[in-house]
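Positions annotated as active site, proton acceptor by TrEMBL: GLU1299. Marked as [2Fe-2S] cluster 1 binding site by TrEMBL: CYS50, CYS55, CYS58, CYS80. Look at TrEMBL and you will find CYS120, CYS123, CYS156, CYS158 tagged as [2Fe-2S] cluster 2 binding site. Taken from TrEMBL, the feature FAD binding site applies to 286-293, PHE366, 376-380, ASP389, LEU433, LYS451. According to TrEMBL, the feature Mo-molybdopterin binding site maps to GLN798, PHE829, ARG943, ALA1110. The substrate binding site annotation in TrEMBL covers GLU833, ARG911, PHE945, THR1041. According to TrEMBL, the feature domain '2Fe-2S ferredoxin-type' maps to 12-98. As annotated by TrEMBL, domain 'FAD-binding PCMH-type' applies to 258-443.
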Amino acid sequence: MESVEEEREWEVEPIVYVNGVRRVLPDDSAHLTLLQYLRDTGLTGTKLGCGEGGCGACTVMVSFHDQHLKKSQHYAVNACLSPLYSVEGMHVITVEGLGNRQQGLHPVQESLANAHGSQCGYCTPGFIMSMYALLRSSKLRPSEEEIEESLAGNLCRCTGYRPIIDAFRVFAKSYDSLYTESSPKSLRSDTFVCPSSGKPCSCREIGTNNCEDSFSSISGNGKQYFSHNEIDGSSYSVNELIFPSELQLRKIMPLKLDGVGGIKWYRPIDLRHLLNLKSRYPDAKLVVGNTEVGIEMKLKNAQYKILIAATHVPELNTLKINNEGLEIGASVRLTELQQFLKLAISERKAHETSACKALLEQLKWFAGKQIKNVASVGGNICTASPISDLNPLWMASGATFQIINCEGTIRTVMSKNFFLGYRKVNLGKSEILLSVFLPWTRSFEFVKEFKQAHRRDDDIALVNSGMRVFLKENVDDYSVIDASIVFGGVGPVSLAASQTEAFLIGKVWNKKLLDDALHLLKDEISINADAPGGMIEFRKSLTLSFFFKFYLCVSDMIKESGSYGGNSLPMKYQSAIMPYYRPPSSGHQSYQSIKNGTAIGLSSVHLSAKLQVTGEAEYADDVPMPPHALHAALVLSTKAHARIISIDDSSAKSSQGYNGLFLSKDIPGCNRIGAILKDEDVFASEFVTCVGQIIGIVVADTHENARLAANKVHIEYDELPAVLSIQSAIQFGSYYPNSERCLVKGNVDLCFQSGACEKIIEGEVQVGGQEHFYLETNSTLVWTVDGGNEVHMISSTQNPRLHQESIAKVLNLPLSKVVCKTKRIGGGFGGKETRSVIIAAAACVPSYLLKRPVKITLDRDTDMMITGQRHSFLGKYKVGFTNSGMLMALDLQLFNNAGNSSDLSFSVLERAMFHSDNVYDIPNIRVLGNVCRTNFPSNTAFRGFGGPQGMLIAENWIQRVAMELHKIPEEIREINLQREGYESHYGQQLENCTLIKVWDELKESSQYLKVCEAVNIFNTQNRWKKRGISMIPTKFGISFTAKHMNQAGALVHVYLDGTVLVTHGGVEMGQGLHTKVAQVAASAFKIPLSSVFISETSTDKVPNASATAASASSDIYGGAVLDACEKIKSRMEPIASQKKYTSFSELVQACYMERIDLSAHGFYIIPDIGFDFKIGKGMPFNYYTYGAAFAEVEIDTLTGDFHTRMADIVMDLGHSINPAIDIGQIEGAFVQGMGWVALEEVKWGDEEHNWIKPGHLYTCGPGNYKLPSVNDIPLKFKVSLLKDVPNPRAIHSSKAVGEPPFFLSSAVLFAIKDAIIAARAEEGYKEWFPLDNPATPERIRMACVDDFTKPFASADYHPKLSI
């Protein structure tokens, strides 16, 4: 065998083309992914978001020449999972290969930039490349559905997706006539094209002082369609990169290449060669898409020395149709399988392709496009995942697997007999899977697929199933000849319900069969109480729900055959089997533009948009490594609470590239830091108080070597008792000292005793946490200057000042010698306000001691594990009210889960207490609060900063009040709304209150009464699908509640060419802060926005800046910049008054000649605010931002699946500085909030989840933690800004927008609850019930009590939640 290998001719010059440039690949990089290679070669536009193919930030397009079809194929892939050598002989196009600012933007790039589809910009290149790959691979222009489907594998945390969809929708084809319309080339160069409608818009024209704009992004002719190469006008001059001719003509040769750590990469080009390699290396891993092996090697530290790429073996790529069925090669990619199944369905008789249709439907929800483009049929089978979506269908369909050994002997195995145990299959070491044979189905043989996941699109299954039944037609009925019932997600392997299958055979297909089979299934499918994944009752109930749906589907198909009507379904049951179809989403935005000067009020595009869509925008991890720089990785605790016994780094020292381990003893200054209280160790020294606490830091020559070395540091612990929930903290009295807070209005006890309250309710509300999941993980590059006399850093942080302060403390340096700079960050949402600091503090120690630059960039799982989340809360309430629904008294206790350090938890609790009334007039209120100390990583700021938690608790008891009175919640809300002059429970009076106006406008805009009537009709006519609606108001106080933080500084320079450089203390993180501030400066000087530039945020330019947080940054930094501009203008005024200058630059030059100072420092403070908790009264907020949202949802009561049919939002944002940016913030906040209330469940190892190690985070990546995707946004998404409502308390009469809209997403939660109420009423349950957030499929389904849940849970069953 070895002689055969030695004689084989190998490829001696492995090559790849990248953006049209030929590159020879080195023979030492088998360990590298394509992403690592691209970024190491300077192509940093492709981002690392998660490292497991779950976010799409690393998407690139790969092209190869199909030898069989004789043409080039193009497809999107995740570069983070693609082995470098897997693209040998291919052409890789990254975002840099499309266009750039110098040569012009590609139409896809320009469309996204102009549509405001890029906020923080970190995910943007991935979206660009997904869309570009779709256009390049499509023979015809794609449909709108195909566009949305192509984006399902890309996540965005900022925009809410609507502007991205609108940007790319212009490339869709609907009607040929639309493509004959004029393109933007015919427009004047100064004509503004509305980003929402694609139409010219006069609101941007100079001289227009006031106009109202209402744009629909999809309705009627509000959309202009563009061909692939005309949207850009004339700026794009570079031709599309074509497939290199060398690669077309090149003969494909086998590969044999090496990598670090003894890894070897083989690529055989025929079956004989593959079998020879398998014989020689029986433990070798075969890879096609690397979607499983890559994750095992990265996240599970699996060591595979021999990797064999099975991609180029023709025998494994076969696709054949014959009279018996389909033959599918093991290396066939899932995208190819989809196309092949469509072909088979179109060519064969309908009754033959039932299994094909089931597979095709299951593949639709299998994964994102990037995964399906590379993942193979055989890989999915041989991985033997217990939640594989396809294996139950192979088994149910009677598919057979052809297996070949190294001698060439082929054997056939029934798919049902292939899976032996957890990830164990019927394959010998000398065997491989050759192909799959899928037989045609027969007349009256039906195959159906089922799947329920946390998220419908691009998600792993919780439970899935493949079911088949073959019926015999009798005179009066049908009897079962054969049946297969297979489930995934209920055991270590895909499980066939063999007892139920045997029972069905010979039985008549009728209601009795259904009842008996359900009874049998209930006992046959058993899941252990401590089974991985939890949700035991839910998963069991799904098995019954799926079979019930299968019975209904088959009965309906029998009816459609027209031969038998005995199984006709009640009309109310039809909705249970209607296939889910998601039409293209639509958006509508309505706002008023109030112009002021040259830029205020305009919907100007984000200043960095063009840099972001081209991949040229630079983030912390994109900064080139300086010479002699080192990479760092953290050594983390694996125990929730323990004493450190010993630390052994002997194994780490022998690691490749290792340069040192640094511990608490090595810190030159102080080991204790903190946001407010200095109660957090940089490096734990004696005790660890959570899993993920930093114990030390390892530095090495590469990121991967540092990570491997850190994993080799061995620590021995003596474990101690841990507090792992709020309930445990309350039980053991585990609170932070001096954390109790109290706010009182009126006399609560007297009100309850006086009889004024005709009804009183008491209860608890659990509020779940939320992971920030900014697309850019925490990253810092730190280096010394002048031999360690100074320390500089570039950090992805919202708070450069705190970085400066903490690093100075750790290194024992004065603040004046530490500089922190931030260009931009890829999302923050509060998560980088304080938690980024400790990571930079750890990295500064080796940098300072070694006098070498050190970079640390956290892997996604580490970032999620150690950096904290939105605080979970527990609220205990007692509410008194009248029979008419008027609120009289509220007694509320709030507890938040701080984690192992105080961080900002005190302030978060206070904000929750301030907002615990939401918008309701309550004469008597008492709110008590406590901060719980637990053994979890310290929780921290998150958009809303405790406000949403307080308001969500309020809306829970409001909804309960309504149920107690048999009224709709909207009636209770409306009669209790606060009005102008109302005094809050903390003593602040409402001024300029627009709450009633917002509420009334939303009722009209959403057509509330009409929709309510339609929902009631729908629910009457449908048993297993229910709709629900809700209207939720909000008011959010604007300012930091700590008075001293409400200050801002700025520095403005005017240069001789008339351009202006602005520096301020705020950080750009996608919210458009720099753009708004630049608009302020441009309007102040009456110059174009293009004349103003903002470079970066730096502590050596503007000192002592507050964190960019609390939604107040535009207010305070806009005020500071305006102050500086006014100072300069006042100096220029004497010169300007002497004559009329033709331009601003001419005036500037005249001032320069007169020695006028053209630089100024500006400063701004928010006046007249302050609050004292000692007396419980004051004015903590400068003003309030008001809003309200309406939502309509539809749920599947049998599975817990739901979708949002409509969301309508009305907000008072005063006179918006930039309406497009503000609307983008509203949409982004709403969708992020939808994640909090309906999708994103945080699961910790606690008392409720004993299948997770104590204190460990289970949801530490996109595989288990589900953000909303493009297919989760409302089908109709409408946003309106209230008109004619100037705000006298902020710059240019504007209002803050970042946090206030977030809570409005709770309308989705309460709409879901409204739908559940309708479902429960069908079973006679009409009393109140709790529904925690997030309202996951488990919580929805288990609340919809019916015959399929009752065997496993009572009607008041309460699914477990980590709080």
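Backbone N, Cα and C define each Cβ position, glycine as well.
Comparing Cα positions, GLU833 (substrate binding site) lies closest to GLN798 out of the binding-site residues CYS58, CYS80, CYS123, GLN798. Applying DSSP to the domain '2Fe-2S ferredoxin-type' (12-98) sorts its residues as follows: 14 helix, 29 strand, 44 coil. Between the C-alpha atoms of PHE829 (Mo-molybdopterin binding site) and GLU1299 (active site, proton acceptor), the distance comes to 9 Å. The Cβ neighbour count for CYS80 ([2Fe-2S] cluster 1 binding site), using a 10 Å radius over every protein chain in view, is 28.
Within 8 Å of the centroid defined by the CB atoms of CYS120, CYS123, CYS156, CYS158, the record's [2Fe-2S] cluster 2 site, lie the Cβ atoms of SER118, GLN119, GLY121, TYR122, THR124, ARG157, THR159, LEU775, GLY826, GLY827, GLY1070, GLY1228, excluding the listed residues themselves. Counting every protein chain shown, the Cβ of the residue listed as 'active site, proton acceptor' has 26 other Cβ atoms within 10 Å. A simple way to gauge crowding: the CB of LEU286 (FAD binding site) has 25 other CB atoms within 10 angstroms, across all the protein chains here. Nearest Cα neighbour of GLU1299 (active site, proton acceptor) among the listed binding-site residues (CYS50, SER376, THR1041): THR1041. Listed in chain order, the residues near the Mo-molybdopterin site other than GLN798, PHE829, ARG943, ALA1110 are GLY828, GLY830, GLY831, GLU833, ALA941, PHE942, PHE945, THR1108, ALA1109, SER1111, GLY1298, GLU1299, each with its Cβ within 8 Å of the site Cβ centroid. Straight-line distance linking the Cα atoms of CYS55 ([2Fe-2S] cluster 1 binding site) and ALA1110 (Mo-molybdopterin binding site), rounded to a whole number, equals 28 Å. When Cα-Cα distances from LEU286 (FAD binding site) are compared across the binding-site residues CYS80, CYS120, CYS123, GLN798, ARG943, the shortest belongs to CYS80. Between the C-alpha atoms of GLN798 (Mo-molybdopterin binding site) and CYS58 ([2Fe-2S] cluster 1 binding site), the distance comes to 24 Å. Residues CYS50, CYS55, CYS58, CYS80 make up the record's [2Fe-2S] cluster 1 site, and a Cβ search at 8 Å around their centroid adds LEU35, LYS47, LEU48, GLY49, GLY51, GLU52, GLY53, GLY54, GLY56, ALA57, ASN78, LEU81, GLY126, ARG860 from the same chain. Residues GLN798, PHE829, ARG943, ALA1110 are recorded as binding Mo-molybdopterin; their most distant pair of Cα atoms lies 13 Å apart. Of all residue pairs in GLU833, ARG911, PHE945, THR1041, the annotated binders of substrate, the farthest apart have Cα atoms separated by 16 Å. The subset of binding-site residues (CYS50, CYS58, CYS120, CYS156, CYS158, ALA1110) lying with their Cα within 10 Å of the Cα of THR1041 (substrate binding site) consists of ALA1110, given in sequence order. When Cα-Cα distances from CYS58 ([2Fe-2S] cluster 1 binding site) are compared across the binding-site residues CYS120, CYS123, SER376, ARG911, ALA1110, the shortest belongs to CYS123. Listed binding-site residues: SER376, THR1041. The one with the lowest count of other Cβ atoms within 10 Å of its Cβ is THR1041. Here the domain '2Fe-2S ferredoxin-type' (12-98) has a mean pLDDT of 95 out of 100. Fewest Cβ neighbours within 10 Å among the binding-site residues CYS50, CYS123, CYS156: that distinction goes to CYS50.
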